[in-house]
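Feature list (source: TrEMBL):
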- 19-40: transmembrane segment (TRANSMEM)
- 52-72: transmembrane segment (TRANSMEM)
- 93-116: transmembrane segment (TRANSMEM)
- 122-143: transmembrane segment (TRANSMEM)
- 155-172: transmembrane segment (TRANSMEM)
- 178-199: transmembrane segment (TRANSMEM)
- 220-238: transmembrane segment (TRANSMEM)
- 266-283: transmembrane segment (TRANSMEM)
- 304-327: transmembrane segment (TRANSMEM)
- 339-358: transmembrane segment (TRANSMEM)
- 365-382: transmembrane segment (TRANSMEM)
- 388-410: transmembrane segment (TRANSMEM)
């Protein structure tokens, strides 16, 4: 097979990969919206606020469990021959298992010390178990590195449909937050079983063994630690608002705010899926600087203009959406949704720019940018929530995202090129060049 045919096959796989990732997320978002319609209406703001608070609390420790392996493991798999891929997968699984157990211990220890409500602690304990089953993501990283997610995602979609059908049945019969939390864990467990089964049945790696390579683990940890800290910081300033709303206000306000967050974040999978799926081909294009920059600008442009369209859609339809999906009890979510909708633009810039920073080996700068965003978010939440309530939390989120994902790039000589690349990508004509990402 010629090199040109290999490149064509790779490009075909990349776009097929993106297609399946988007289908997966579309199904998930559709079911999430449908199920939330019943969950939130049935539970009401206070009980839903309790569930959202517990999920936010667990999420604060998520980066420890993930250990930055999505980027590091994918990068190693892309650049490894088939024999070395087995070594990467085995040791990544080992790291994820240890990290997940550590996260569970820290979550429940912190919960026991700082949270007085026993019911909330029980929910947190149940949700923390799901982190252990997330080790199955390593198999997904393998398929993604080869742009072959189409082999594994249909099974995940099947699990998602089954579990969400169970949630609807539960809501109709006897709604219970503890049982809902258990179903979240069940979904993670079934996905792990499905991923592992597909990986094994494909017989992708011959002579697969479980040898632990301490040198490889050290190398992964060395490259991953900035991503772990960055992930913790990103999660903190994505979830800090709900934690601080509970501190300054109450869980009922958390529920009203979280309802708007659910809607505003529902589409985030698209820029994330596009950025993740094109990451391998972006890395390979670095050999040609002009081609590399052109592809980055096209990627920025597609994600930015998509997010601008979504922002305008939510801004003008938020009243209708909130009342249709959640009901009149959540009317205060309308203004929150209008504000948070613009945060999606900054998120799109952020996920794309993270790929650029990683491809340039600038993980530490990415970490510093996130620390700056976290500091601004904490300070703004501290000042604005007591004064403006949940609207203040939304404003804080938008400002901190804008600073950490965009404005701060101008302050460093190494990232300034990315700042101006983003400005150039505002040229709407670039989105018509999307097919050039295949070259």
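Cβ from N, Cα, C; glycine included.
Remote same-chain residues near the transmembrane segment (339-358) are listed as 71, 75, 260-261, 264-265, 267-268, 271-272, 275, 278-279, 282, 296, 299-300, 303-304, 306-308, 310-311, 313-315, 318, 365-366, 391, 394-395, 397-398, 401-402, 404-406, 409, 415, 418, 421-422 (criterion: CB distance under 8 Å, separation of at least six residues from the stretch ends). Looking at which of 19-40, 122-143, 220-238, 266-283, 388-410 has the most CB pairs under 8 Å to the transmembrane segment (155-172), the answer is the stretch 19-40. Against the transmembrane segment (52-72), the recorded stretches 19-40, 122-143, 220-238, 266-283, 388-410 differ in Cβ pairs under 8 Å, and the greatest number is found for 220-238. Taking every recorded stretch in 122-143, 178-199, 220-238, 266-283, 388-410 and counting its Cβ pairs under 8 Å to the transmembrane segment (365-382), the highest total belongs to 388-410. Annotation: stretch 388-410 has the most Cβ pairs under 8 Å to the transmembrane segment (220-238), among 122-143, 178-199, 266-283, 304-327, 388-410. In this chain, the transmembrane segment (19-40) touches the transmembrane segment (304-327); three or more CB pairs sit within less than 8 A of each other, excluding pairs fewer than 6 residues apart.
Note on the transmembrane segment (19-40): residues 48, 149-150, 153-154, 156-157, 160-161, 164, 167-168, 171-172, 175, 180, 255, 259, 262, 266-267, 269-270, 273, 276-277, 325-327, 330 of its chain, located 6 or more positions outside it, place their CB under 8 angstroms from a CB of the stretch.
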